[in-house]
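A short worksheet on the structure shown next.
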Amino acid sequence: MAKEKFNRTKPHVNIGTIGHVDHGKTTLSAAISAVLSLKGLAEMKDYDNIDNAPEEKERGITIATSHIEYETENRHYAHVDCPGHADYVKNMITGAAQMDGAILVVSAADGPMPQTREHILLSRQVGVPHIVVFLNKQDMVDDQELLELVEMEVRELLSAYEFPGDDTPIIAGSALRALEEAKAGNVGEWGEKVLKLMAEVDAYIPTPERDTEKTFLMPVEDVFSIAGRGTVVTGRIERGVVKVGDEVEIVGIRATQKTTVTGVEMFRKELEKGEAGDNVGVLLRGTKKEEVERGMVLCKPGSITPHKKFEGEIYVLSKEEGGRHTPFFTNYRPQFYVRTTDVTGSITLPEGVEMVMPGDNVKITVELISPVALELGTKFAIREGGRTVGAGVVSNIIE
């Protein structure tokens, strides 16, 4: 299939494979691309191609990730696969690869394992909204009862982490067999199971709202005063659309203020509207330059509120990644870099956790010295003297 054009006519969805090491995530990724390539919907990627994941940097953290793309009859998918468990943890916490849904791969021969549980928990914490399950290595299980037992265990595990375990689609098959069939040039009985899995992914994982359809939010990067025109705030619109005449709120650091947009410009040109992804200057009516600062956000009124205290799931960089060389304890006070600014905060570790070592991932409670616009899923970096020592995501807002 030629690579030249990106088909924009089909809705786009981001997914990824998750699950325990050696349960077949990468083999399944290869099998999906191989089976769909026979239908002219993907380029075949073999296992080694995917397993040799290039390293990427996201928020100062090196993560090995493979990206493959393919289509079904209904959608265009970007699919991410990570070689190592630590890469998954980092990927999910930094949001390097935002997932609209995930395919949880569980070996039917082994059942759920520690990382199966950990990936489900992480999915819950970082807000992966939907999971579809592939029970792999079905060809190695002769006993139908054993297969049913594993399925039941997986459903219970999903329910334990507040996913709808009873309603989750679970497809059994063999990624390796499907891949072998596809390499021989046909979609056989195992390939059909992969197609069935993709049909479930199509049906069960909803098409995400596009960024432009969400409520308006723009982190403030800079503030200028233009003689005779008023105050301009600049930044990159994170989501939604802003138009002249819109009422907006300025949230974070200080008390929330309301104002009206009197102009939107990009590269010195006036625009009717700015939308997600645009770098714009927004002119605000009656707002003084000293009332706005970097680290605040402009948003649709009532859509996001300032908070000081929250719980977060964090990954702490190892020494090799340029992180700390020593553990930290409760009352550690680093800076939390949220969107465009650093705010000092103090960390409380969960009960029973004495200290956190470089390379760990853990749930923490944070209390910031000044309030910042936060919501579930807001990403942050943890910094010490300007260098990144960790990354996290807000999993619960306390006050």
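In case you wondered, yes, glycine gets a Cβ from its N, Cα and C as well.
The domain 'tr-type G' annotation in Swiss-Prot covers 10-209. The region 'G1' annotation in Swiss-Prot covers 19-26. Taken from Swiss-Prot, the feature GTP binding site covers 19-26, 81-85, 136-139. Taken from Swiss-Prot, the feature Mg(2+) binding site applies to T26. The region 'G2' annotation in Swiss-Prot covers 60-64. Sequence annotations record features per position, and here Swiss-Prot assigns region 'G3' to 81-84 based on similarity to another entry. Residues or ranges marked as region 'G4' in Swiss-Prot (evidence: similarity to another entry): 136-139.
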Integer Cα-Cα distance in angstrom, T26 (Mg(2+) binding site) to G19 (GTP binding site): 10
Number of Cβ atoms other than its own within 10 Å, given for C82 (GTP binding site): 24
Candidate with sparsest Cβ neighbourhood (10 Å radius) among K25, H85, the listed binding-site residues: H85
DSSP helix/strand/coil residue counts for the region 'G1' (19-26): 2 helix, 1 strand, 5 coil
DSSP residue counts for the region 'G4' (136-139), split into helix, strand and coil: 2 helix, 1 strand, 1 coil
Tally of residues which DSSP labels helix, strand or coil - the region 'G2' (60-64): 0 helix, 4 strand, 1 coil
